[in-house]
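Participant: Shown below is the structure under consideration.
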């Protein structure tokens, strides 16, 4: 049978809306009263942007003090055993380390944006360090 072209027709009158069945009505009202409520979720990226604003406003250190101190002591053991640190020296190292990392991530983000991406990748960090002259 050959296909025929269908044309739009204006409806005349039509049927009255049917009443809902009892089971359908019960199904629609059940989640509102006794069902388990789904936990609220923000859209992807909303929480990330909120965290960016929060951390850009603040000045506190982001790496926990004790894990950083253990890392410093572990690295220092390679050079000399039985080395002791003043607490102010560890704090100065942590301030400098975090400042370096923040700057590196800023440059890394610029490299990702230059590549028309929003996600940073290891190659962006490598490029940023190479441009800075830290690693050939």
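Backbone N, Cα and C atoms are what each Cβ position is placed from, and that goes for glycine too.
Among the features that Swiss-Prot reports, region 'Disordered' is placed at 1-43. Taken from Swiss-Prot, the feature N6-methylated lysine applies to 5, 10, 28, 37, 80. For 10, 15, 24, the entry in Swiss-Prot reads N6-acetyllysine, with the evidence type similarity to another entry. Look at Swiss-Prot and you will find 11 tagged as phosphoserine, backed by similarity to another entry.
Map the listed features onto the structure and describe their local environment.
Facilitator: Cβ neighbour count for residue 5 (N6-methylated lysine): 4 (other Cβ atoms within 10 Å of its Cβ, all protein chains included).
Around residue 37 (N6-methylated lysine), there are no C-beta neighbours below 8 angstroms that are at least 6 residues distant in the chain. Secondary structure at residue 37 (N6-methylated lysine), taken from DSSP and collapsed to helix, strand or coil, is coil.
The DSSP secondary structure for residue 80 (N6-methylated lysine) is coil. Other C-beta atoms found within 10 angstroms of the C-beta of residue 80 (N6-methylated lysine) number 7, with every protein chain shown included.
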Participant: How big is the Cα-to-Cα gap, in Å, between residue 5 (N6-methylated lysine) and residue 80 (N6-methylated lysine)?
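Facilitator: That comes out at 89 Å between the alpha carbons.
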